[in-house]
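Worksheet: the structure to be examined is printed underneath.
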Amino acid sequence: MDLKDRALGCVLAGGCGDALGYPVEHKKWTAILDMYGPSGICTMETKNGVAVITDDTQMTIYTAQGLIHAFQKHCSFDDTVKEVHKSYLRWYISLMHSETTTPHLYAALYPEEELLQNDLLQDEKYDGLDTKMCRGGSTFEALESGEVYTVDNRAPSGVRCGCTMRAAPIAVAYHSNPEEAFKMGCACAALTHGIRSAFLSAGAMCMLIAKLLNGTEAMDAIESTLAYLEQIPKSEALLRVLKKGVELGKNPRDCAHDDISSIGLGWRADENLAIALYCLVRYKKDIRSALIACVNHDGDSDSVGAVCGNIMGSYAGVESIPKEWLVVLQFRDLLELQVNAICSYTEKAT
């Protein structure tokens, strides 16, 4: 299995987890069982033959596009963060369906023509990428603020998993340097999420995936990532949550729902990542079982599925994703194009 197999697995399994979990997000576990039977939701729900993705995969696409622009411009670290920020602003503007709703963005941040030049919306194949699939929250508040937030100049809020569910392309772009992947993951997360546990979760996720993309064994990648986090000031609370997920994965109960519920609902970035770690430890390379387990619970099913898919896919590779899921995944071709482009740029850089 080579880098591209793992990178495609990372991004496409994330999309599949997002689409699988979307129909049951916000639903109680008991209601899910009533609707889908004793195993919960196990197959993709489709609309006109398409398994619809949410804002999780939309933002993953925009993260990837920002990174591609940065590669094209040979950007420095700081300028790469700015390219990702511009991409997030284009996503936000596209959802508003009006160029007049956010005029303060243009003057405060970047030239108007840059933000209105959205190459992702120029291809009719990608109709629907500007469909609003989220309620707003910290990400919207930060993007509409007219501020450029950093890990030092922090956004006033943002503890939830909006920063982890979009981060996977960063790990692909920085796979050759996991420490740099961590730093870029934190920096891009901090654009919208100011709570320390959130942007550190995104950084840890990117470091872990970078290691897995390089072929590191799962437990070695987890342990070295946690060891790196232990050197980061004020990471103790995050580490407790992540280590709980790992320990439960090593000694799982028969019912995965009981373990996952004891970690949390996955709305928070730290809980979201911890559930994904639990699934990686418990299910190894069994993507189907991992994604089914992690979306069938009371919490943020699509985002937990997305992050779990990103991590599982980077370890197991694209061939481990159920084929019947891939063939219906919305924007699969775009995700593949972006992964191939990022991998090509990273090959040229080495």
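Our numbering is plain: 1 for the first residue shown, then up by one each step along the chain.
Every residue, even glycine, has its Cβ placed from backbone N, Cα and C.
Here is what TrEMBL records for this protein:
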- Thr54, Asp55, Asp56, Asp300, Ser303: Mg(2+) 1 binding site (BINDING)
- Asp302: Mg(2+) 2 binding site (BINDING)
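Shown in sequence order, Gly17, Asp18, Ala19, Leu20, Gly21, Tyr22, Glu25, Thr54, Asp56, Val295 are the residues of the chain, 6+ apart in sequence, with a C-beta less than 8 angstroms from the C-beta of the residue listed as 'Mg(2+) 2 binding site'. The number of other CB atoms found within 10 A of the CB of Thr54 (Mg(2+) 1 binding site), across every protein chain shown, is 22. All chains included, 29 other C-beta atoms sit within 10 angstroms of the C-beta of Ser303 (Mg(2+) 1 binding site). Take the mean position of the Cβ atoms of Thr54, Asp55, Asp56, Asp300, Ser303, the recorded Mg(2+) 1 site; other residues of that chain with a Cβ within 8 Å of it are Asp18, Gly21, Tyr22, Glu25, Thr57, Met133, Cys134, Cys161, Gly162, Met165, Asp302, Ala306. All protein chains included, Asp55 (Mg(2+) 1 binding site) registers 25 other Cβ atoms within 10 Å of its own Cβ.
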